Amino acid sequence: MRGAEAWSADPPAGPGDGPRVGVLVLHGFTGSPASVLPWAHALADAGLAVAVPRLPGHGTDVRDLDRTTWRDWYSLARADLQQLRDRCDVTLVAGLSMGGALALRLAVHERDLVDGVAVVNPAVLLGDPRLVALPVLRLLRRTVPGVADDIAMPGRTELGYDAVPLRALTSFLGLMAEVRRDLPLVTQPTLVASSPQDHLIPPESSRVVRAGLGSADVRDVRLERSYHVATLDHDFPLVVEETLRLVHDVVDGRTATTPVAGVPA
């Protein structure tokens with residue numbers, strides 16, 4: 001799928017620039033890196049090292065996704081986070097939707113690699129009552145129609161699949177359950193940005209995240225003019241602004257007075 005490739009930026013460190021900061025940015029279920037690239041580009045423009053992996057089974061063919069589980073997605077995210085940390089002093093994880101769920105799990109299970117978390121419309125539960133029929137539906141068909149491009153701004157696309165493999169969806173639900181259970185173990189500073197008009201993930205999902213986090217620093221940002229894919233929508237500048245604010249505060253908390261190049265105070 002053209003335009004759905006992984007992306008990274010590794011700005012050269014100069015003398016006196018302060019600690020080197022990296023951000024791992026993760027896309028959502030059935031989506032692709034295209035859904036978070038503007039977010040990643042803005043962070044790179046601010047002088048940060050950024051990695052945007054294409055999660056296994058995504059951005060190619062929906063049949064590839066049918067052969068993966070959440071453990072495959074998490075394994076690649078963890079490997080990219082480790083590579084980012086190997087060349088950075090401070091690392092944060094960020095994610096949209098399922099990418100947010102993966103970011104929260106990384107914050108728990110890779111605690112030494114994660115200094116801060118930023119999630120946009122994190123998917124830790126689905127509100128569709130039809131999910132109770134999923135075990136039976138899986139016996140009858142492999143996929144159901146998907147819903148991509150939940151974006152208020154006209155002309156935007158996240159380059160996602162138009163179908164959802166039920167086997168992968170079942171695995172995704174398992175990831176959500178694990179993340180909900182472990183939310184009290186997320187103690188890093190965390191930004192939770194949510195869209196009240198999200199047509200894919202119920203607002204209750206973000207409320208569950210905010211209420212369940214064990215962090216003493218939880219930032220609640222409302223994206224009033226955007227739908228689910230807020231990283232491509234009207235409130236995208238606010239997402240960038242609040243993410244950079246989080247980065248600055250995380251670094252400031254670790255280094256007291258050392259600024260990060262390009263990150264506004």
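Using N, Cα and C of the backbone, Cβ positions are placed for all residues, glycine too.
Curation does not apply to TrEMBL; its annotations are automatic.
Among the features that TrEMBL reports, domain 'AB hydrolase-1' is placed at 23-235.
Taken residue by residue with DSSP, M98 (substrate binding site) is part of a helix. Here TrEMBL flags F29, M98 as substrate binding site.
Marked as active site, nucleophile by TrEMBL: S97.
For D198 (active site, charge relay system), the same-chain residues 6+ apart in sequence whose C-beta sits under 8 angstroms from its C-beta are N121, D150, Y227, H228. Under the DSSP three-state reduction, D198 (active site, charge relay system) is assigned to coil, being neither helix nor strand. TrEMBL lists D198 (among others) with the feature active site, charge relay system.
Positions annotated as active site, charge relay system by TrEMBL: H228 (among others). Secondary structure from DSSP puts H228 (active site, charge relay system) in coil. Using a 10 Å Cβ-Cβ cutoff, H228 (active site, charge relay system) registers 30 neighbours.
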Integer average pLDDT (0 to 100) for the domain 'AB hydrolase-1' (23-235): 96
F29 (substrate binding site): secondary structure state under DSSP, collapsed to three categories: coil
For M98 (substrate binding site), nearby residues of its own chain (Cβ under 8 Å, 6 or more apart in sequence): L26, H27, G28, F29, G31, W73, A123, F172, L175
